[in-house]
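Q: My questions will all concern the structure given below.
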Amino acid sequence: MSQGDSNPAAIPHAAEDIQGDDRWMSQHNRFVLDCKDKEPDVLFVGDSMVQLMQQYEIWRELFSPLHALNFGIGGDTTRHVLWRLKNGELENIKPKVIVVWVGTNNHENTAEEVAGGIEAIVQLINTRQPQAKIIVLGLLPRGEKPNPLRQKNAKVNQLLKVSLPKLANVQLLDTDGGFVHSDGAISCHDMFDFLHLTGGGYAKICKPLHELIMQLLEETPEEKQTTIA
């Protein structure tokens, strides 16, 4: 799979300020400040699927107690997340687990390029935060009825199932969650706009995610051993 300069989805790039209010950069700068002020055990980074998670009670129930930071920005692609992580959002912190959820907004890229962009994010995290265990959340199906974007996201997930096991400290969490019913439709009770999750939709994702995070946190006893010794 193409990486680096040959893959546009793997080239870090700040989001364009199309609307003219510079909100994207303001959010990034706030995240960089959070890195200086807080000590997260768990870091979430990605697009609106990450960002909106903190608006629901399940975030406060499952993830706030884990000292989690939410670095999600709506509309972000793999390129934007790469840029943010290269420019301060991995500095001054030492999280034990990093959750990555991005790729559904990479409309200009092929499935192969999107998967390569996600792999580039994992490789960057491994370089900057080698102690962290990484969880990549698979891309969700989207659209009320079957459509090409669903097929593309499914292909990204298939590619990641093959490629991520070759990288260190990372695992893919399947987020299918039974969102697509037997008739091929997605319910608005799970995704209110057939893309973004409702509270009930997030519950299907967050409960298994929380279980995996807890498992990984329990598997990082090395620091405790060194402090006890």
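Any Cβ shown, glycine's included, is placed from N, Cα and C.
Checked Swiss-Prot, it gives:
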type: MOD_RES; residues: Ser2; note: phosphoserine
type: MOD_RES; residues: Ser2; note: N-acetylserine
type: ACT_SITE; residues: Ser48; note: active site
type: MOD_RES; residues: Ser64; note: phosphoserine
type: ACT_SITE; residues: Asp193; note: active site
type: ACT_SITE; residues: His196; note: active site
type: MOD_RES; residues: Thr220; note: phosphothreonine
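How buried are these features, and what lies next to them?
A: Following the DSSP three-state reduction, the secondary structure of Ser48 (active site) is helix. The local packing around Ser48 (active site), expressed as other Cβ atoms within 10 Å of its Cβ over all shown chains, amounts to 19.
Applying an 8 A CB threshold to same-chain residues 6 or more apart, the list for Ser64 (phosphoserine) is empty.
With a cut-off of 8 Å between CB atoms and residues at least 6 apart in sequence, the same chain places nothing near Asp193 (active site).
Around His196 (active site), the same-chain residues at least 6 positions away in sequence with a Cβ under 8 Å from its Cβ are Ser48, Met49, Leu52.
A C-beta separation below 8 Å, combined with a sequence spacing of at least six in one chain, links Thr220 (phosphothreonine) to Lys96, Gln131, Lys133.
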